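J.: This structure is in structure tokens; I'll ask about it shortly.
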Amino acid sequence: MTPQLDSDGRLRHLLTLDGLPRETLCRLIDRAGQIRDAALGRTPRRQALDGTTVCTLFFEPSTRTRSSFHIAAQRLGADVLNFDASTSSTRKGETARDTLRNLEAMGVRGFIVRHAEDGAVAALAAEAGEGTALVNAGDGRSAHPTQGLLDMMTIRQAKGADFSRLKILMVGDVKHSRVARSDLHALRTLGAGVIRVCGPQSLLPDDGTLSGCEVGQDFDAMLEGVDVVMMLRLQRERMEEGLIASLEDYHRAYGLTTARLARAAKDAVVLHPGPINRGVEITDEVADGPQSLVLRQVSNGVAIRMAVLEMLLG
Ligand code: CP
């Protein structure tokens, strides 16, 4: 039993995809598909969270996750409080725990939390009162569960629900990536046929994260025949010095170009969680090209986050 499930197996918080039952994962993706029109603002605002206040509590920067949670909560009828750490009393030393408890005392019921430390969101969830739900919007290198869900939704839309037929390649800085960990948990739960992982040895974890994956350093060889290419951002803010020689060298060995992409299956699709380091992990031509699903991932993010908020708070 993971701390995010209650004694009846219902989702109380969303902290990680590690151990999340396949049924729950599929229910969230199915629901996101059903409400995609509402997520994109094509139908009137829903009322499921009328009278509920949700707070985006981010201690690290974000564009996609924070904005899409904000939009998702609004499109469910919730009131949204954007907590700005840079102008808050955390600058005077107030802890994240006290911040959460004070906002709870104002009637906030849902917290979307991003934090630089591994395990910080789970630690806060353990302090939360009855009826309060937390969503991990990214903690350190550990987990980014809604990114994992939206990536699975995007792959499913493009390739169908049978993941056992798919060869999936993940490329780049796996070591520092919470997205990679959440994606790997979800891909295993959904029974992906082959999971290949490729990157410089210095950016691949040796802690069991890659168990069951085909691991290699030769990007051209690993690309052969894959159906899905999942590019990762170089997490320079979490990296010690010297892990890569230079950005130019990295691009030469691991940058996705049109010529390289031709090695993958003809109808292969390309994902990147953003923000993109253009010209480093991926060229403009590929990022903005016909095989790129990067903006589809972003749109799906609103629907997935609506489905998560609805399940936790609705
Ligand atoms: N993919 C993602 O988490 O992007 P942000 O850091 O902009 O939220």
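Each Cβ is built from the backbone N, Cα and C atoms, and glycine gets one as well.
Whatever TrEMBL says is automated annotation, not expert-curated.
Positions annotated as carbamoyl phosphate binding site by TrEMBL: ARG64, THR65, ARG114, HIS144, GLN147, GLY274, PRO275. What TrEMBL records for LYS92, ARG178, ARG233 is L-aspartate binding site. Taken from TrEMBL, the feature domain 'Aspartate/ornithine carbamoyltransferase carbamoyl-P binding' applies to 12-157. Marked as domain 'Aspartate/ornithine carbamoyltransferase Asp/Orn-binding' by TrEMBL: 166-311.
Describe the structural surroundings of these features, if you would.
T.: In the three-state DSSP scheme, GLN147 (carbamoyl phosphate binding site) is classed as helix. Remark: GLN147 (carbamoyl phosphate binding site) has THR65, GLY138, ARG178, VAL179, SER182, ASP183, PRO273, GLY301 as non-local neighbours, by Cβ distance under 8 Å and separation of at least 6 in sequence.
Around ARG233 (L-aspartate binding site), taking its Cβ as the centre, 20 other Cβ atoms fall within 10 Å, counting all chains.
When averaged over the domain 'Aspartate/ornithine carbamoyltransferase carbamoyl-P binding' (12-157), pLDDT in the model lands at 96.
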J.: If one measures from the C-alpha of LYS92 (L-aspartate binding site) to the C-alpha of GLY274 (carbamoyl phosphate binding site), what distance in angstrom results, rounded to a whole number?
T.: 32
J.: A 10 Å Cβ contact count, applied to the binding-site residues ARG64, LYS92, HIS144, ARG178: which residue has the minimum?
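T.: Selected from the binding-site residues ARG64, LYS92, HIS144, ARG178 on minimum Cβ neighbours within 10 Å: LYS92.
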J.: What is the interatomic distance between the Cα atoms of HIS144 (carbamoyl phosphate binding site) and ARG233 (L-aspartate binding site), given in whole Å?
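T.: Cα-Cα distance, HIS144 (carbamoyl phosphate binding site) to ARG233 (L-aspartate binding site): 14 Å.
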J.: Please report how many Å separate the Cα atom of ARG114 (carbamoyl phosphate binding site) from that of ARG233 (L-aspartate binding site), as a whole number.
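T.: A Cα-Cα distance of 17 Å.
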J.: Taking a cut-off of under 6 Å between Cβ and any atom of ligand 1, tell me which of the binding-site residues ARG114, ARG178, GLY274 pass.
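T.: Checking each Cβ against ligand 1, the ones under 6 Å are GLY274.
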